[in-house]
Amino acid sequence: MKKESLIKNYIKEIVNAPFNLTAIKNEEEAFHLLALDSLLPLEKMNLIGNFLDVGTGGGVPGVFIGIMFKKLKGTLIDASRKKINYVKNVCIKLGIDNLEFVHGRIEEQIDFIEKFDNVFSKAVAELRIILELTVPYAKVGGRILLYKGKEYLKELNDAKNAIDVLNVDLEDVVEYEILDRKRVLLIFEKKDKVNGFPRRYNRILKNPL
């Protein structure tokens with residue numbers, strides 16, 4: 001099956017899921033706001049190795065990345081068993097075979113520390129929080145790729161301490177538009193190991209970096 005057909009078939013499955021997997025219930029809108037929003041900022045990027053998608057929800061962006069970059073091995077994790085099992089079963093049905101699926105909280109995945117070349121997350125939390133939930137799982141020299149909206153400059157300013165403590169540099173800001181909405185992909189590079197992170201989620205929320 002061609003990549004575009006796979007993407008459209010996947011969208012049909014998640015939009016019509018028997019529970020609220022995504023708030024978007026129109027397939028054309030979902031194609032833009034879920035698939036294109038995930039893939040457009042990656043079109044000129046050379047992604048190699050493996051990737052982790054933190055808080056994948058309805059498989060966004062991980063499934064779309066897996067479809068477009070077949071050579072990448074991906075791991076998708078979500079705290080909702082119902083969501084991750086549905087996404088897994090749809091991928092099996094469609095023959096998407098380069099992805100693994102994990103039910104659990106990311107901060108409890110000790111075995112994932114420094115195992116991934118690329119760590120993605122979309123629409124999970126504000127920047128200073130999601131950095132703590134993603135950076136520890138990237139290899140030194142690996143990238144953390146985070147999708148954000150038009151308020152990203154404020155989030156970057158609020159995340160100055162987190163960026164310093166977690167030993168990352170902002171490598172690039174990819175700006176783009178989806179349905180006249182301003183979007184960015186923030187790309188960080190991990191400079192060095194980081195010890196003691198992530199903390200327990202309640203501590204992260206109570207005392208963000």
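Using the three backbone atoms N, Cα and C, a Cβ is placed for every residue, glycine included.
Lifted from Swiss-Prot, the feature list:
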type    : residues                                           : note
BINDING : Gly55, Asp78, Ala79, Ser80, Ile106, Glu107, Lys122 : S-adenosyl-L-methionine binding site
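Structural mapping of features recorded in Swiss-Prot.
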| residue | record | DSSP class |
| --- | --- | --- |
| Gly55 | S-adenosyl-L-methionine binding site | coil |
| Asp78 | S-adenosyl-L-methionine binding site | strand |
| Ile106 | S-adenosyl-L-methionine binding site | helix |
| Lys122 | S-adenosyl-L-methionine binding site | strand |
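The S-adenosyl-L-methionine-binding residues named in the record, Gly55, Asp78, Ala79, Ser80, Ile106, Glu107, Lys122, extend over a maximum Cα to Cα distance of 17 Å. For Ser80 (S-adenosyl-L-methionine binding site), applying a Cβ distance below 8 Å and a minimum sequence separation of six or more within one chain yields Gly57, His103.
Same-chain residues at least 6 positions away in sequence with a Cβ under 8 Å from that of Gly55 (S-adenosyl-L-methionine binding site) are, in sequence order, Ile77, Asp78, Ala79, Ile106, Ser121, Lys122, Ala123, Val124, Ala125, Leu133. Each of the binding-site residues Asp78, Glu107 was scored by the other Cβ atoms within 10 Å of its Cβ; the lowest score goes to Glu107. Considering only the binding-site residues Ala79, Ile106, the Cβ with the fewest other Cβ atoms within 10 Å is that of Ala79. For Lys122 (S-adenosyl-L-methionine binding site), the count of additional Cβ atoms within 10 Å of its Cβ stands at 21 [all protein chains shown].
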